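Peer 1: Below is a structure I'd like to ask you about.
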Amino acid sequence: MLGVLVLGALALAGLGFPAPAEPQPGGSQCVEHDCFALYPGPATFLNASQICDGLRGHLMTVRSSVAADVISLLLNGDGGVGRRRLWIGLQLPPGCGDPKRLGPLRGFQWVTGDNNTSYSRWARLDLNGAPLCGPLCVAVSAAEATVPSEPIWEEQQCEVKADGFLCEFHFPATCRPLAVEPGAAAAAVSITYGTPFAARGADFQALPVGSSAAVAPLGLQLMCTAPPGAVQGHWAREAPGAWDCSVENGGCEHACNAIPGAPRCQCPAGAALQADGRSCTASATQSCNDLCEHFCVPNPDQPGSYSCMCETGYRLAADQHRCEDVDDCILEPSPCPQRCVNTQGGFECHCYPNYDLVDGECVEPVDPCFRANCEYQCQPLNQTSYLCVCAEGFAPIPHEPHRCQMFCNQTACPADCDPNTQASCECPEGYILDDGFICTDIDECENGGFCSGVCHNLPGTFECICGPDSALARHIGTDCDSGKVDGGDSGSGEPPPSPTPGSTLTPPAVGLVHSGLLIGISIASLCLVVALLALLCHLRKKQGAARAKMEYKCAAPSKEVVLQHVRTERTPQRL
């Protein structure tokens, strides 16, 4: 078939007919060093593959979601072709196989000879176990896609003519679109680009090496070129010297002097123009870094030449020397989960209201009381901390703030009683329960013996102010006995530590009798008295029983005499 086409073209050329026109793409997109183009028109898989090969490319491979997005862009701007089917570079060799055992491509291969992919979008998800037999080819279409932005893949007979095809081209380097200085003159400038794969237009994100640019009305014809091994190309022309300074800085490596009708490139001090009239040669005494805004990398293969580089978050400006900020927030996908704020050389991520930024992700705030172990109730303070609160009449325990204890700051408070029986009641420390289920403050000062100084009764406790004659003069605590305050270690030979005047901390009461202890002592004493009385009663009963037994034994002989059998004599009857 290919031989017939070649012979036909030669025959037409020999007869003087013009050669077939080069196919014009209906749309194209370039991503870094790869370009993709849509060519409308009926063609079999073989015809489409030959045309792409003739343009130094191949039918498109769709190995990732990025390539699928490119197809969506091309289909949206193709004027209706997207509603039909387009060949891509995926085919099934002759033979049959089980698609379930052949990976995501079901045994199909790319025209590049491999089956590497991280993406697939088959129209028929389940083949019901039916084997696939080649040869088959794949076309994409958005007509029956459930998601318009994700065209589906359909198996087709390779001899069937599709409505068009997609080609893919790879280039070692690309150029950015021409930079035009803003102003009144810029509005009149019109640029038309042409690519090696016959795409023409004014809206390109990147142009591969070999692309041309026609600048009207200046009459400029520029070409995207790059030295061997370079990945970033630049715009140039065969004629030496600068062109209009408003377009790409006149092509000058350093500065462009906009002399009317005769623009000229200038180099920094110590450097000279090269033969092309646009490049500069650095002097041996000049530092390379003086020529670039951020970093300068000398080219060891070409003495005097260099390349400028920028820090992360910046890119080279059109003059290839200055650095301009990259707006990271316009990238797709966005670097932030919700809101992105661009900064000089970077960006900041922010979250919507009621969300928190945690490890680069926006998450709903977690209730700080979720894992709290509060005995009664938890009160959030902020997004990370909380406070345990207690019921009325209770307060947190200082050393265990998640637990509660009874609290009373008056001379009398209601007791905490069992609501079922009312037989079990508790009072705070320093209070005693009366008959009316009321906790009454124990007046330690009235009882005496607790303070040798001036005693002030307080709710639940007391305060002892030591007199001037005391070893702890002016000390405020619960005792003025230095031995008790010092813990009883009066014979250690060490002087007692000086108390802090005016201390508000109440030390542990040494010798203070707790109300519960008083009740316990009373109950124990009563039990002891009852036990003694019981013991006396038992001894008296035992002594009485022994005496009765002895009396019984002593009286036994007389009782036996009395109880012996009495013999009676028979008395004769008188007549």
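Heads up, the Cβ atoms here are built off N, Cα and C, so glycines get one too.
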Peer 1: Based on the record in Swiss-Prot, give the one of Cys288, Cys292, Cys329 in a disulfide bond with Cys308.
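Peer 2: Disulfide pairing in Swiss-Prot: Cys308 with Cys292.
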Peer 1: So, in Swiss-Prot, which cysteine from Cys336, Cys351 is disulfide-paired with Cys349?
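Peer 2: Among Cys336, Cys351, the cysteine that Swiss-Prot links to Cys349 by a disulfide bond is Cys336.
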Peer 1: In Swiss-Prot, Cys369 is listed as disulfide-bonded to which of the following: Cys351, Cys362, Cys378?
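Peer 2: In Swiss-Prot, Cys369 forms its recorded disulfide with Cys378.
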Peer 1: Residue counts in helix (H, G, I), strand (E, B) and coil for the domain 'EGF-like 3' (325-363), per DSSP?
Peer 2: 3 helix, 17 strand, 19 coil
Peer 1: Quickly jot the same-chain residues contacting the domain 'EGF-like 4' (365-405) by Cβ under 8 Å, restricted to those at least six beyond its ends, or write none.
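Peer 2: For the domain 'EGF-like 4' (365-405), the far contacts come to 354-356, 413-414, 416, 428.
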Peer 1: Between 0 and 100, where does the mean pLDDT of the domain 'EGF-like 2' (284-324) sit?
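Peer 2: Per the prediction, mean pLDDT sits at 79 for the domain 'EGF-like 2' (284-324).
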Peer 1: Take the domain 'EGF-like 1' (241-281) and find every residue of the same chain, 6 or more past its ends, with a Cβ under 8 Å from one of its Cβ atoms.
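Peer 2: Residues 178-181, 183, 185-186, 189, 215, 218, 220, 222, 235, 290-291, 304-305, 318-321.
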